[in-house]
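For reference, the structure discussed in these notes is given below.
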Amino acid sequence: MQVSAFLLLCLATAAISEVLVTRISSDKLKDVRLPMNVLPERYRLQLLPILEEGNFTTQGEMELDLLVKSKTDQIVLHSVNLEIDESSVSLSLSKIIPKRDVIFVKKRDRFIPKGRSTPRKIEEERYKDEPELTKLIYDSAKETATFVFDSPLKMGERYTLRLAFTGSLPADLKGFYRSSFLDRNGNKRWLAVTQFEATDARRAFPCFDEPAMKATFDITLGRKESMSALTNMPKIRTEPMLDRPGWVWDVFERSVPMSTYLVAFFVSDFEFKEAETYTRETAVIESQEEMRSADEVDSTDPPTTDLPLSEEPPAPQPGPVIRIWARSDAMNQTELAATSTPAMLSFLEKYFGIEYPLPKLDLVGLPDFAAGAMENWGLITYRERALLYDPSSSVARDRLYVQKVVAHELAHQWFGNLVTMKWWTDLWLNEGFATYVQGLAINHVEPNWKYLDYFTLEIQDVLGLDSLESSHPISAEVVHPDQITELFDAISYKKGAAIIRMMNFFLGESSFRGGVTNYLKDKKYGNAEQDDLWKALTDQAHADGTLPDDIDVKSIMDSWTLKKGYPVVTVTRNYKDGSASLSQKRFLLNPDSKSIEFKISAPVTEAPKSRKKNRFAEARKISQSPPPQSNKFELRTTEVRSNDEETHYSWWVPITATGGSTADFNATNTVLWLNPEEDAATLKHKVEASQWLILNIQRSGFYRVNYDDKNWQMLINQLRSDHKRIHPVNRAQLIDDSFSLAASGQLPYTLPLELSRYLVNERDTVPIASAVKEWGKLSGRFKHTADYGLFKKAYAKLFLPASKSFGLDRKEEETGLEGVARVTVSNIMCSLDLPTCTGPAIQLFKKWMTTDDPDSENPIKADISGSLYCAALRHGGEEEWEFLKDRLAKVNTATQRDVMLSSLGCTYHPWLLRRYINAAFVENPLRSKWGIRKQDWRAIAGSVASNPVGRNILVTFAKERWDDVHKFFGSTLTPLRLFQTAVSSFSTEAEVTEVSTHFLLSNDKSSQTEFQN
């Protein structure tokens, strides 16, 4: 980049006019949001990451085009751990005619203005009175760098900020970070990759790191000739570095407007497999799509006019270039992603009614990655396990997992990337929608999976979490960036998906899709809030007549998004006239118990002033009291609030119903709305007195249902006589609801236990999985009692018939879901230490240990390996444990690696568990020797915590080594979640209280976190 004359003048006079560099570390945060007086339009960024032992650094130069919205003498950018060379900073004023929209024609490898062969070069006319930098202020608390100038920037003008900076490539899995792996010959290979969501782009380059501050990006990456570089857009050319022999610059196309958290870089020696892309048979949208450009145009251009659509349909066009990237040793595991991605992307284009707007899509499987995957536009990054699949060493559930994550990130290319939330408060809309739509894509590609039924098990999971007082609203206020990470949880993903699915049911498929498409087209390349979607859906539903004119989607959905929890609908039938009285009340798993609350108080003393009317204030009272001024760990025992009338917990509830001899489980249309302002409503769904009634068809609504005793008994009788007359999803729902209602004291436990007796005849995956989860909870409670032996017999009796029916080995005609059911039942037999599992496990494991090459010869089938490894280690000693640990360091497939990580936590030898924990959660030379990565902590913690011997060892470790764990992970959140995992298997308040009183927390900043027993 060239240095302007203005900058040279500044350098020449540096002795007279020095730039004051100030560093602030403020403990008193008021507003961490950036001011809106200056907005970005275009980044021209050049980065050189150096991957050499002893020198993991980055060197960067940037030109940033800005638009001044109001007069100011400051530019505030986000910046963390970057050293900006203040002598390189310059600000030039450009006299440019205000831009108009440029019509772009999409070509296979680039976007260019219509009628031109190359993008327009913008000429700049510099003013003589350009502002001069006088001060550079770093604020570590706000994570900002403030550039202060000697004269104000003029409102309405455009400026270009130029600067150079240096940074590092840490190994902490955030920002622009380094990672390494060993190839088949034992050589260490380095790579550099990004993970910017939510607020870590600022660690790679100074930027406006908020989702609403979109801009285009012209990126140039440096690399060694032996490596390759990727970013969001295709590469234009490669140029040699004149001052670095053997190094080159890769220059990439300008991006579409996007948020900084979606920018991505990747430098490695990976290989790729190019997928066979699809053909767009017909235009999904207008063939000449308007796209917002940051380019300026001069006054000689004719006025903007809409181009007429061609009278003839456009010729079929190929889809984007799709490539799957992986380590060379793992390239044989890319086939599933290479075949699924084009089919899913084509489906999503048709579903949304909008073409994928970029010319290429790269999917990368990474050995070290903190998240499961990240939807960077045009360059999606995954953990290896979430992208790579080896049929010879993976199971049906692994295949489904890859399909889920691939589909989820593809859905984000529209919901999240094309239209982005204005602020992280609406993160749930991104994640919930992607979680819902992933199911539609999977169902399209693999219809035999019946994934739309299978997904209801995830709804069951989140119903359990959302029944706790410690839950949170889907749409939660975010004051500080540290709070954003806490929103990436099951409430945002699964509850978000569940209520979006509920909308699809009560609006109808046509109105729902039409409203979504209108929303995406209206907000494309921009930002939105949940109310924008609600309006689009309301308009479409009213036009279609699928929603009464006096009801709008916002009123309905605000009752679900702005408060935590959900209702239980109580059904009391009138057996004389066939009607039923319905009422709602918030469902709490522990309505009368006390909540053990672990709290870290952060020194955030004042919430930011709202930029617009606060929608949360409409739904609940917001406390204005500042939190404590010091960071401290608190243990509090508080009464759970359970008075629905007092806390206004009521919802708009769409009721679906069927029953009797003419039951129709496809009748998912809403027959009645429960109004939050009414105490009860009458359902006039005529069912004979001798016939059962069932609500919430196919679990279309996010609520539980409780019936009167007579109806419950009729449902139980139906399950025993012919369970297949009730839909599998509703069978699973009856199991889940009855056990949850019993746990909350609203039903006697005898009812779900009596209902469970029909399970001896059940072979469907969804109800089996639902029952296994509930009986597994009971197993955890009974495991430490004298009655566990009796419980084991009852538990085994329910599932032995299914176990014999499925067997251990896969049958040729077995579908994916049947395979999941078989493995689920096998896991029960092994967890109960039944001879049908432990005998073969011990025998096969010993056979494996005696093979000549155990890393390539394994007699244990992959789909039951987890159960058998665990059983063998429970009944084995150090020799078996060391054998499996040695395999961990050499395994080449991520799925088998995860199985081994979990299985190593199954041993009953305390000292082996202690060694394992020490290697996983603190800095330890054994980590790399054993092949354990920082991302593995969840699998290891979960396995050890579920071990009756290991759970107390894990709790003791968390107490004794808290500071070391915090130092290793670099944040408080991971140690807190480790501790939460450790106590998750405790079954009494006394156990939690005893541990928590000895639990010490180091004095550092974090947002408030709660755990509830």
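Any Cβ shown, glycine's included, is placed from N, Cα and C.
According to TrEMBL, the features are:
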SIGNAL    1-17  signal peptide
DOMAIN    40-262  domain 'Aminopeptidase N-like N-terminal'
REGION    286-317  region 'Disordered'
DOMAIN    339-560  domain 'Peptidase M1 membrane alanine aminopeptidase'
BINDING   His408, His412, Glu431  Zn(2+) binding site
ACT_SITE  Glu409  active site, proton acceptor
SITE      Tyr493  site 'Transition state stabilizer'
DOMAIN    692-1003  domain 'ERAP1-like C-terminal'
Using the Cβ centroid of His408, His412, Glu431 as the reference point for the Zn(2+) site, which residues of the same chain not in that list have Cβ within 8 Å?
Glu375, Glu409, Ala411, Phe415, Gly416, Asn430, Phe433, Ala434, Thr435, Gln438, Tyr493
Tell me, what is the mean pLDDT of the domain 'Aminopeptidase N-like N-terminal' (40-262)?
86
State the Cα to Cα distance, in Å, between Glu409 (active site, proton acceptor) and Glu431 (Zn(2+) binding site), rounded to an integer.
9
Restricting to the chain of His412 (Zn(2+) binding site) and a gap of 6 or more, list residues whose Cβ falls under 8 Å of its Cβ, or answer none.
Glu375, Asn430, Ala434
Cα-Cα, whole number of Å: Tyr493 (site 'Transition state stabilizer') versus Glu431 (Zn(2+) binding site)?
5
Including all protein chains displayed, how many Cβ atoms other than that of His408 (Zn(2+) binding site) lie within 10 Å of its Cβ?
26
Measuring CB to CB from Glu431 (Zn(2+) binding site), give everything in the same chain under 8 Å that is also at least six residues away in sequence.
Phe488, Ser492, Tyr493, Gly496
Recorded positions (Glu409, Tyr493), the one with most neighbouring Cβ atoms at 10 Å:
Glu409
